[in-house]
Each structure stands twice: as C-alpha cells, then as structure tokens.
C-alpha cells in the first residue's frame, strides 16, 4: 500500500464549516463586485478598480478559500451572471419561466 | 299468437332501458373504466421503463459499468461483486470539490431518506473519488462524516480508479503525478448511476432532476425492475412481443 503513504502529506479537504465560510466570503466579495458593476473579477482592465473598492473583501475571500477554489469561483462568475441576465431578459420580455415538476430550478 | 305464449320482443324493449340505466350500473361502469385505464397506464409505464432499462443494458457487454477493484473508506476491498444483491446509486466526485459535489452529496442523503420514508426502498449509496492521489480512505471517511451516514466512499490506486471511471464513462482530468500538498481541481462529469441488484446499469440521473424528481425516477425504475431470469422467461413467453 505504498500508494497511500504519499497521500498522508496532502492537505485535508475543506469540511462543511470551512466550505460554508468560503462560500460566505465569496458572496460578500461578489456583492461588492455587483456594487461597482464588475462582472468578470479577472478582467485586467478593472484590476485597479477592484483592488481599490473590493480589496479587503478579495483578501478575505482568498484567505477563507483554497487557491484553486478562488480561481474556480472567479472564472465561474461571468457565466452565472450571463445566465442570470438571460433569465431576467426573458422575464422582461414577458416570457414565463416554466418550472418543470421534478426538475431542478 | 297462441294463448299463453309471451311476447318477448315487447318485454325486452320495455325493460332493457330501465335495467341498463340505473345509477348503480352507471357508477360501476365509470369505476371499472377509470380503474382499467389507470391499470393499463401503470403497466404501460412499467413496460416502457423495462424496455429502457433493457436498452441500457445493451446486448452482451454492458455499455455502462463493469468490473472494478477498489478500497472503501474503512480500508476494506470493494469490488463490483459487492454491488450484487442490492440496488446501488453511484456518484463520482472528489473531496476538494468547490461547490457541486457537496451539494449533490447532500441531495444524495435526501434521496436516500426520501426513498426509504416515502416508498420503503433501500439501496446502497457509493461515492467514488476521481482524485485517488489526494483522497485516501482516511480522507474520504473524514469528508463523508459531514454527509448521510449510509454513503460509502470508495477510492483506490490511480489505475484502478481510472479503469472504473472509464467503465462508467466518467470523464475526469486528475493529474497522475502531483506533488504532496499541491492544490488543484478535478474536472469530472456529474451523474448519479443507478445499478440493479445484479450489478447492471439501469439509469443515469443528471443535474436536471431535483431531489423529488430523482426520488420518483428511482422509485419507478426500482418498481419496474425484474431479475434477468424473469426477463428472459418473458421474452420467450406469450407476450414476448411486448418486450422486443
């Protein structure tokens, strides 16, 4: 079982409370981005603006989440925003969003 | 017409409308009609699900699933033979997963409880890691302590996990040689696989189902399930054409 000896040194995965802490800090940071109307946190042109307005939230976010998660959530945000916008546009055009029974929202 | 003989034609004309139109006969007619319709619909649904399951099983070698040789989170060997005797719900993921896997594992817990409470259906639930390098049995055990106690974590050597994922058509992108403590994410497909008590694939449930949708789908699949012995008998029987 030499295989498992190598894994002992690796970091423990975040448990439930750590995950929730991370998600909370992420939401605070994203709310700040909403306020300054930045959709993509990795946008180089907005870098200084983000640092100035949401620097503290960003730091807390990076403290509470492992680096790979921070990167993942930051990359994911533009897609989530796009989805949100599409649903909103559809609603404004008078389209009805149909929730199929048994299917995820 | 001779005396004493009765005029049957007149009698039937007089009596029949009265006999057929009593409220009792009407109620009986409607109840039987509704009952039969429901029964036929149920049977039709079952046959359709069976057909679907049959197609998923494929001819000869199964399309999804197959032999695997892994280790459970308690350090015991766990192979595809352990699937036999119970329905199984299998989920692939990894413990360092940021948001989707923990959500799905919480859902899995609700599905387990829901099927047990609502439909008295019990099955085994497996969480197979796609990240064997970091997810040792100990790590899996600690991680799954946050979730439903019935979920059993499986891991194994890189090659065995890779083989297992390949058999289940799970795509994943774990690097083989990572340095200890290295931080990375694993891309992988997210599905629940429902396996029958013979260890054969029945159905796949994606992210499109919510908890209740998944519970109903699994219930229908489990109710429609027939052991392969019964299936092959039916195929040779009188109503065999229904199963072809």
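Every residue, even glycine, has its Cβ placed from backbone N, Cα and C.
Marked as Cu cation binding site by TrEMBL: B:97, B:101, B:188. The Cβ of residue B:97 (Cu cation binding site) lies under 8 Å from the Cβ of B:185, B:186, each of which sits 6+ residues away along the same chain. Annotation note: residue B:97 (Cu cation binding site) sits in a coil segment as assigned by DSSP.
Residues or ranges marked as disulfide bond by TrEMBL: B:97-B:101.
Per TrEMBL, domain 'Thioredoxin' is recorded for B:59-227.
What TrEMBL records for B:20-40 is transmembrane segment. Sequence-distant contacts of the transmembrane segment (B:20-40) (same chain, at least 6 residues past either end, Cβ-Cβ under 8 Å): none.
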Most Cβ neighbours inside 10 Å, all chains, among the binding-site residues B:101, B:188: B:101
Secondary structure at residue B:188 (Cu cation binding site), reduced by DSSP to three states: strand
Environment of B:97, B:101, B:188, the listed Cu cation site - residues of the same chain whose CB lies within 8 A of the CB centroid: B:92, B:93, B:94, B:100, B:104, B:130, B:186, B:190
